[in-house]
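Heads up, the thing below is written out as structure tokens.
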Amino acid sequence: MASLGVNIDHIANVRQARLASEPEPVQMAFLAELGGADGITVHLREDRRHIQDKDLKLLRATINTRLNLEMAATKEMVEIALQVKPDMVTIVPESREEITTEGGLEVVNNKEKLREIINNLHSAKIQTSIFIDPIEAQIKASKEIGAGWVEIHTGCYANASWEKQEIELAKIKASCAQARSMGLHVNAGHGLTYLNVEPIAAIEGIEELNIGHTIVARALAVGLQNAVKEMKSLVTNPRRNNF
């Protein structure tokens, strides 16, 4: 049964749209935990477009569940992670031009740089995950550089037409099986919604799903605590015959 990590970046997006003091991500993280979140995920981007450094520090000091920091593979971000000490760091690709993360990290051609970062994080007892596309070579490279976890990018599945979703789902299933056979832990996320999450949640071996935008959107109608509760129900009790 997968657990649920709630990404609260979009709470900060609303605040930063007016450079205001509300909504407060820390308060919303508390409500997410009340709704059943097993962890809180934030992406501290280099351009600080939503989550700010102070948010990360306050979350580390206040949340009762796990803190997962998504970050680019840069010296600045590694230094911040070593100071804040989140429970997990997920290394993601990052481009200032993108609206959101557009794909998995290129591990194969950046193994030495990533290996050094992972070693530094592990020395501080910070678990490290690599956000990758469901591609065999990227999984193998993630294992080779010492990552303990991978997070499978589900964006292609989420954006696929109904006819092609099953093909993308099969890729994710195969990648999960491959990663587990190598001794890697597996998370998944990106683009998942209340309508498409169950087939992913039903995949054997996926330990956590990180979901944000759809929960924040649903919260406008039912409140954040209820929105998280609804998603938690789908993640922990998925129907297994969606396809």
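From the backbone N, Cα and C atoms, a Cβ is placed for every residue, glycine too.
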Per Swiss-Prot, which one of Gly148, Gly155, Gly183, Gly191 shares the 3-amino-2-oxopropyl phosphate site with Asn7, Arg18, Gly212, His213?
Gly191
How many Å separate the two farthest-apart Cα atoms among the 3-amino-2-oxopropyl phosphate-binding residues Asn7, Arg18, Gly191, Gly212, His213?
25
Using a 10 Å radius around each Cβ and counting other Cβ atoms from all shown chains, which of the recorded positions Asp9, Glu70, Glu151 yields the largest count?
Glu151
Tell me which residues of the chain lie with their Cβ under 8 angstroms from that of Arg18 (3-amino-2-oxopropyl phosphate binding site), as long as they are six or more apart in sequence?
none
